[in-house]
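Written below as C-alpha cells is the structure these notes are about.
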Amino acid sequence: MRKWTVPSVLFLLCPSLSSSCQGRKIHANAEADSDAPVDPPKVEDKIGAVPNGLSTDSDVAKREAESMSMRNLRSDAEKFEFQAEVSRLMDIIINSLYSNKDIFLRELISNASDALDKIRFLALTDKEILGEGDTAKLEIQIKLDKEKKILSIRDRGIGMTKEDLIKNLGTIAKSGTSAFVEKMQTSGDLNLIGQFGVGFYSVYLVPDYVEVISKHNDDKQYIWESKADGAFAISEDVWNEPLGRGTEIRLHLRDEAQEYLDEFKLKELVKRYSEFINFPIYLWASKEVEVEVPAEEDDSSDDEDNKSESSSSEEGEEEETEKEEDEKKPKTKKVKETTYEWELLNDMKAIWLRNPKDVTDDEYTKFYHSLAKDFSEEKPLAWSHFTAEGDVEFKAFTLLPPKAPQDLYESYYNSNKSNLKLYVRRVFISDEFDELLPKYLNFLKGLVDSDTLPLNVSREMLQQHSSLKTIKKKLIRKALDMIRKIADEDPDEANDKDKKEVEESTDNDEKKGQYAKFWNEFGKSIKLGIIEDAANRNRLAKLLRFESTKSEGKLTSLDQYISRMKSGQKDIFYITGTSKEQLEKSPFLERLTKKNYEVILFTDPVDEYLMQYLMDYEDKKFQNVSKEGLKIGKDSKDKELKESFKELTKWWKGALASENVDDVKISNRLANTPCVVVTSKYGWSSNMERIMQSQTLSDASKQAYMRGKRVLEINPRHPIIKELRERVVKDAEDESVKQTARLMYQTALMESGFMLNDPKEFASSIYDSVKSSLKISPDATVEEEDDTEEAEAESGTTESSAAEDAGAETLDLKDEL
C-alpha cells in the first residue's frame, strides 16, 4: 500500500491507489470536473443523515448525546498510545502561544478535498462506488452547535477503515516527527504544521476532545477519539447515524476557542484559505426571515373604537365598510424568525485552471473584483493568465489594477505583505512573503497555484525551495510582457512615423491613453525596478516614460527619443530638477535648445537615483547636461576664444580659491547667461545635493565627499564677461572687480540650482551693488534709533502695566468679599 502524507490523513487512501502517478491523475480529473453542477443539500438534511436504504437505531440520538456530554473515551473502545514523538508534538501545539490557530480549518478542508478527489478518481472506473442519492454528492459540509460547543466538518470522500484510522491518525514516520518537534521547539511557528506530514494534529489547536467518525466502503463505520493526552481509542460506531461513506470530524472546542462557533468567523476563514477548493463547501448558516403568523385577538386593530365622535357621517360609513372588509380578511402579522439552511461559501470558480481562450473579459473583471476586494466598477488595466510547464509546473494569474493604493510606497522596504497569493492545489498558503515577485512589482494583484510546492510551506522554506527561482523568473517576465503589451496597443505610444498606421489599424478607443494612465499610477515602481533589478534593467528601461523639450506636454519613451535624435548625436541628453517649468528655464538648456537638441526632463526625486544605475540604452550613453563632459559639436572659434580668455579664467580661479572652485572654463552650453556652475561627471548634481541635504539622517562627511568638483563655466560672448576681462587686464588687483567676480559666482550657483553656504554674505554683496548703482557712498550707515523716545515708551508701558495689576488686585479683593 502506498504511504500518503498526513496532511491528507483524515480521509485517507485506498489500497488500490499504488501507482506513483495517481496523485497527478486525481488532480487532473478534479480540474476537469470542477465546474460540474452540484445541488446544494436540502435545508432539512443533517450532517450524518441516514442515506436511502439504511435503517437507524432508535436509541442513536440518546447514546450520541450522552457521549458528547461526557467528552470521555468510550469505555468499551480499543485504546492505543500515541508514539512518544507524537505526544511531544501535540503538547507543543496545544501549549504554543502562536496566534494563528486558524490553520486548523484549512487543514481539515484540504484533507476533505483530498478524500473527495480519491473517491472521484476511483469512480472513473467504477461509477457504483459513489453510491446513490446524497452519498453520491461530492461536497464538504460545516456545521456548528453553539450549545454543545461542537464544530463539525463532514465530507463524502473515500473514508477510512479501522486500519487506516490506527495507521494514519495515531502514528507518523519517526524521522519526520522528530525533525518537526525539534523545529517547533526552536521556532514556535505553527505554520510549519504539515511540512513534516503532521497536518492532522493542527486540530488540537482548538478542541480538548476530538471525534473522527469514518465509513469506508470496504469496512464498518468506526469512531476514532482522543483527548490529546497521549492516548486515543477506536471502536465500532453504534452511537451515531450511519454516514453512508466519508468522514465527519467533531471538535469539542475549548472555552478559549469559542470564536470558531461564530458563523462570520468560519465564512471568513473559508474565503481566505479555501475559496477555490475544487468541491463545494456548505455552512449550516442561520438566516432571519419575516413570516406571517396568525394575529392574536388582543393584537387586532381597534382603531375604529377610538375614532373621534366629531367625524362626519360619510367618514363613518367609509370606516364601517373598511371594517367589514378587514373582518373578512384573515388576521395575521409579520414576525422575524431564525431559520437555518445550507449556504455555499466558495461560489467563485478557479478560472486560472481554465484555458485562457475560454475565459471572457467579463469573467476576468469579475474575478479581479473578487480577488482584489475592489468594489469599484473600473476594469483592471491588463491581466496575464498562463500555465508554466517543464521542470516546474504552475498556473499563474496576475492583474494590473486601475489605480495604485495610497500606501504603495509608504512601507516599501519594510513590509512582507504581498498582493500575490500562493496556492498549493487550490489551497491558500500565504501572502506574507515577497519571494515570488520583487517589491517593485508589488502593485500587481494575483495568485500562483502550484502542485509541486509542499502544502503549508512556510516563508523560510519557501525561500530555500528549488522551484522558487524558476517561478519568480517566469512571473517577472510575464508581468513585464503584460505591461509592454499595454504600450504596444496604445496609439499614443507609437513613433511619429508609425502613429498614423497604428491609428488606422486600431478601432478600440479604450486602449488610447491606457499606458499614460498606467505610468501616472505606477511609474515610480518601474524606476525602482531599474534600480533594484539588474537582470531586467533593459526590459524595464523600455517601459520608462518622461517629458522632454520636444514632447509637447506628453509622455515619451527612450525609443521615441532615439528616433528623433539629430544626425551625429551620440549621447542621450537629460537634466534633473524639481519641476518642468523650472527646467525649461535652466541656463544649461540654452545652447542645446538653440541647436535643436532634445533633452529629457526628469522631475521625480527618484530620477536622481535612477540615473546612477541606468548608464546607457541601446549603446547610447546618458549625459547630464548640468555636468562636465557635454559634447555638442565643435566651434571653429573655440581655440581662439580659449586663448583670448586664458588670463581671465586663471585670475578668476584664484579669486574664488576660498569657494573651493576646481576650475574656470569656457562654456559650450551657454547662449544668453554669463556663467553657470557645473559638477564633475560622477559627483552629485545640484538637484541631488538638495535632496541629500533634506534627509533627516544625512551624513555631512559623505555629502562633502560626494559633492564632487565644481567648475565655473563662462560665456565668452556675453558682454559682462567681456567687460570683466577688460577690467582684469587693466587692474587685476582691483578689489571691486574681485567682489564682482565673487558675486557672479554666487549668482551662478543659485541659477544652477545649488544652495548657498552663506546666504547672508550673498545678500550683503547684492546690497552693496545696489548702493553702487544708486551712487550711495560705501561708508553710508544706517540711521540709529532715538534711545530717549524708546526709554519714555518703556516707562509708559511699565506704568500702564502697574495700573492694570492694581486694578486686577482690587477686583480679586471684591470677589473674595
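Positions of Cβ are set from backbone N, Cα and C atoms, glycine also.
Look at Swiss-Prot and you will find 1-20 tagged as signal peptide.
Positions annotated as N-linked glycosylation site by Swiss-Prot: N111 (among others). There are 26 other Cβ atoms within 10 Å of the Cβ belonging to N111 (N-linked glycosylation site).
The Cβ of D155 (ATP binding site) has 30 neighbouring Cβ atoms from other residues within 10 Å, across all protein chains displayed. Under the heading ATP binding site, Swiss-Prot lists N111, D155, N168, F200.
Under the heading compositional bias 'Acidic residues', Swiss-Prot lists 293-325 (among others).
Marked as N-linked glycosylation site by Swiss-Prot: N306 (among others).
Residues or ranges marked as N-linked glycosylation site in Swiss-Prot: N416 (among others).
Taken from Swiss-Prot, the feature N-linked glycosylation site applies to N456 (among others), supported by sequence analysis.
Per Swiss-Prot, the feature N-linked glycosylation site maps to N624 (among others). Taking a C-beta cut-off of under 8 angstroms and a sequence separation of 6 or more, N624 (N-linked glycosylation site) has the following same-chain neighbours: Y574, I575, T576, M611, S685. Secondary structure at N624 (N-linked glycosylation site), taken from DSSP and collapsed to helix, strand or coil, is strand.
Taken from Swiss-Prot, the feature compositional bias 'Acidic residues' applies to 781-793 (among others).
Per Swiss-Prot, compositional bias 'Low complexity' is recorded for 794-805.
Taken as a whole, the motif 'Prevents secretion from ER' (814-817) shows an average pLDDT of 45 in this prediction. Swiss-Prot lists 814-817 with the feature motif 'Prevents secretion from ER'.
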Cβ packing number for F200 (ATP binding site), 10 Å threshold:
24
Spatial separation of N111 (N-linked glycosylation site) from D155 (ATP binding site) - C-alpha basis, Å:
9
Can you grab the distance from F200 (ATP binding site) over to N111 (N-linked glycosylation site)? Cα atoms, rounded to a whole Å.
8
DSSP three-state call for N168 (ATP binding site): helix, strand or coil?
helix
